[in-house]
Amino acid sequence: MPLASTHPLAAGRTADAPLVRALRGERAPSGAVPVWFMRQAGRSLPEYRATRAGVRMLDACLDPALASEITLQPVRRHGVDAAIFFSDIVVPLALAGVDVDIVPGTGPVFAHPVRTADDVARLPRLAPEALAPVAEGVARTVAALAELGRGDTPLIGFAGAPFTLAAYLVQGGPSKDQLAARTLMHADPAAWDALLAWAADVTGAFLRAQVEAGASAAQLFDSWAGALSLADYTARVAPASARALAPIRDLEVPVIHFGTGTGELLAAMRDVGADAVGVDHRLPLDEADRRLGGRAVLQGNVDPALLFAPWPVLEAHVRDVLARGRTAPAHVLNLGHGVPPETDPDVLTRIVALAHEGA
């Protein structure tokens with residue numbers, strides 16, 4: 001089914017936006033590079049802290065008006081080339097009925113870890129109507145973006161990749177090495193495959209709801225995939241990531257696939273159905289392009305640690321990232337990970353201006 005004629009991409013409003021063109025593999029004649037930041041809508045912004053005061057994370061994500069306002073804040077402040085919908089990768093799990101809370105300073109915590117085949121069989125199904133608050137929040141945001149600037153700023157929808165969701169579910173919360181998930185993968189392959197299939201279907205429904213409501217691109221976050229060998233990723237994880245992206249394939253929106261510590265997995269991550277691959281700060285973009293054979297748009301990869309360095313140091317680093325990104329078919333400037341909460345917002349605004357300078 002194609003996008004509705006009123007969708008920003010189908011209607012032409014975002015089809016020529018710098019971000020969308022870059023994700024399609026096109027470069028601006030001026031040399032300007034589109035830029036946005038992971039976690040750009042977050043604690044680095046004083047307006048975000050004021051808006052979120054006294055509101056639990058999951059409650060904020062599921063309040064359409066609040067989620068929309070938070071999504072728009074960095075677009076107004078920084079002039080970034082995309083908004084990314086304010087949500088969390090565990091939101092669709094909560095909407096399905098999984099007992100999860102986002103604990104400040106810790107992250108997602110699950111009341112009942114999923115560690116056996118019986119646990120997997122008891123996981124609830126996500127009802128389509130449960131996604132209504134997400135669709136409403138996206139629609140509100142898209143309507144507001146039409147009134148900002150030139151009116152062509154696209155919204156990126158996003159979701160957690162099946163492996164990362166499964167890693168949280170098996171562990172019951174965050175883990176540094178994903179040991180419990182990697183153990184289940186090999187100790188009970190059937191249970192593992194069933195868990196990833198469940199997670200893929202939840203992710204796919206979450207992504208499709210955002211795209212149908214107006215998102216012009218999508219990003220799949222596989223935050224913990226860097227814990228995997230290439231062999232394990234290819235055999236036991238990649239098929240589920242492809243399954244997660246299948247529900248939006250017919251909508252033909254560009255897809256970004258990002259993970260941390262995934263330098264050895266880049267080609268496999270592209271091959272699940274991504275147009276662009278996000279690269280963290282550990283791997284220079286020209287080397288990432290070499291590993292991908294010049295067959296993917298690159299996104300990244302300013303080191304978040306350098307956001308706290310003197311401006312001349314950071315500026316030189318950003319210019320180096322931009323120069324290395326020129327080897328790829330196209331480049332979207334971003335960080336190698338999310339914006340740290342202590343970041344000075346003015347630094348991000350200066351990076352946006354630098355990316356927009358052009359050649």
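Cβ coordinates are placed from backbone N, Cα and C, and glycine is handled just like the others.
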Q) TrEMBL records ARG39, GLN40, ALA41, GLY42, ARG43, ASP88, TYR168, SER223 as substrate-binding residues. Which of HIS337, HIS356 is assigned to the same site? A) HIS337
Q | Nonlocal neighbours by CB distance (under 8 Å) for ASP88 (site 'Transition state stabilizer'), same chain, sequence gap 6 or more | A | MET57, LEU58, CYS61, ILE102, PRO108
**Q.** Around the Cβ of TYR168 (substrate binding site), the count of other Cβ atoms that are within 10 Å
**A.** 29
Q: Mind looking up the mean pLDDT for the domain 'Uroporphyrinogen decarboxylase (URO-D)' (34-43) in the predicted model?
A: 97
Q: Sort out for me which one of ARG39, ARG43, HIS337 has the most neighbouring CB atoms within 10 A, since those are the binding-site residues we care about.
A: HIS337
